[in-house]
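Novice: Take this structure, written in structure tokens, and hold onto it; I'll ask about it next.
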Amino acid sequence: MWSCSREPVFQPLNACSGSEFGLQLQPQQSHATPEGLCQAYNYSLPVFTITFLVAFLPLGLFYNLSLVFVNLHHRASMAALDIYFVSLALANLLQLLVAVGQMLGTELLWHRQGLGEGSELPSVQTQLPTCLTLFVIFSISALAGAYSLALLSLDASLAAALPRNPMVSAHNARHLCSFVWGGALLAVFPAFLLFACRAEPTNSEDGGGGSAYDNANNSDQMLDCQRLQIRRLVDAVDFFAGFLVPLLGVAVSFMLACRIHRRPLRPERPPGPHNRSLEEDEEEAAEAATFRLVRLTVVAHFSLWTLYYVLLLFYLITAHDDKEAAEWLSTRPGLHRTLRGLALLMAYSSSCVTPIIYRCLRINFSSKLDNTLSALHCCPWRRWSGHALERNRAEVL
């Protein structure tokens, strides 16, 4: 799915033929694509990309930063739910930074040397380390975000099954989030091998026997990397550990929640005007709001990531030189690039949608945000609100 090829995913198509995304397709075997369809593929993805950069990216950065800042400012009163959302917001911020680097940085890397007419594009090696670094950050943040949501869903189901369960606490949630980020670093270890398996250019003009020795070492290294199938291993880890296992955990938590709602956990009381207290009503309303927040966040996140992992599974299945898949992709290069770009855009959009859901459905977040802003002494609106309150008090007195 991730492309470190000569033509980045979000760069407009120069033509609807030729090799793309490192597939090494033969241009001579590609069939002609209708001109109107080619132009549609050429202009649709840049429009979606610009829309994301202009509309979704600022909202995502603002809401994720406000979520992290407000909860860390009130960390003494943070619940387990808030800790999981802070972990998810940190993963979302990394995703958005990677999105900016992939959409803007790759094209800037190609043109940073001031290429003129007739000059050749720089080698792929000039931007490969940067692209691989973005890929590693992308994989770590994707794994951390998925497992934070899976643990959030499981904790919400356990809290509903056992209202005063000692397993569900802010202290345990902090440790679980630490293990999640550490496990994400370990899970993407095959991605770090891509740095060792990239082809390093050798200078044959230096003379001496060193260049032949280096070329032999590089060829042996590339042969070992081909035997290990590092890229396929990375994609397999991303699919199974980053999507299938968290999705299984979410499915188990949803099944548990359905069983909980089918049978009443609390003893039923006879109807009467004084049998239910206001605290019980508020507690049930808070539980319902928490379940609604968790369900909407989990469904939105995994729905937006589904297309990305479906395409990743397709590449895993067709990894062993599938000629039919290669021929199908060669006849539809514009559709191929558009699907890949839309999959990444939908995945990046989840980083903007989930904090908005938290902002709208979390009951006490608005009051925490107001208290945090009022506590900032450098804010001009705090001084204005303070003068307004003093004026109102003087008028009342």
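FYI, residue positions are counted from 1 along the chain as it appears here.
Keep in mind that glycine also has a Cβ here, set from the backbone N, Cα and C atoms.
So TrEMBL says this about it:
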{"type": "DOMAIN", "residues": "63-358", "note": "domain 'G-protein coupled receptors family 1 profile'"}
{"type": "TRANSMEM", "residues": "50-72", "note": "transmembrane segment"}
{"type": "TRANSMEM", "residues": "84-105", "note": "transmembrane segment"}
{"type": "TRANSMEM", "residues": "132-154", "note": "transmembrane segment"}
{"type": "TRANSMEM", "residues": "175-196", "note": "transmembrane segment"}
{"type": "TRANSMEM", "residues": "239-260", "note": "transmembrane segment"}
{"type": "TRANSMEM", "residues": "298-318", "note": "transmembrane segment"}
{"type": "TRANSMEM", "residues": "338-358", "note": "transmembrane segment"}
Novice: Is it true that the transmembrane segment (50-72) and the transmembrane segment (132-154) have 3 or more Cβ pairs under 8 Å, skipping pairs fewer than 6 apart in sequence?
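Specialist: Counting Cβ pairs under 8 Å, fewer than 3, so no.
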Novice: Counting only CB pairs under 8 A, let me know which of 84-105, 132-154, 175-196, 298-318, 338-358 has the most with the transmembrane segment (239-260).
Specialist: 132-154
Novice: Against the transmembrane segment (132-154), which of these stretches has the most C-beta pairs under 8 Å: 84-105, 175-196, 298-318?
Specialist: 84-105
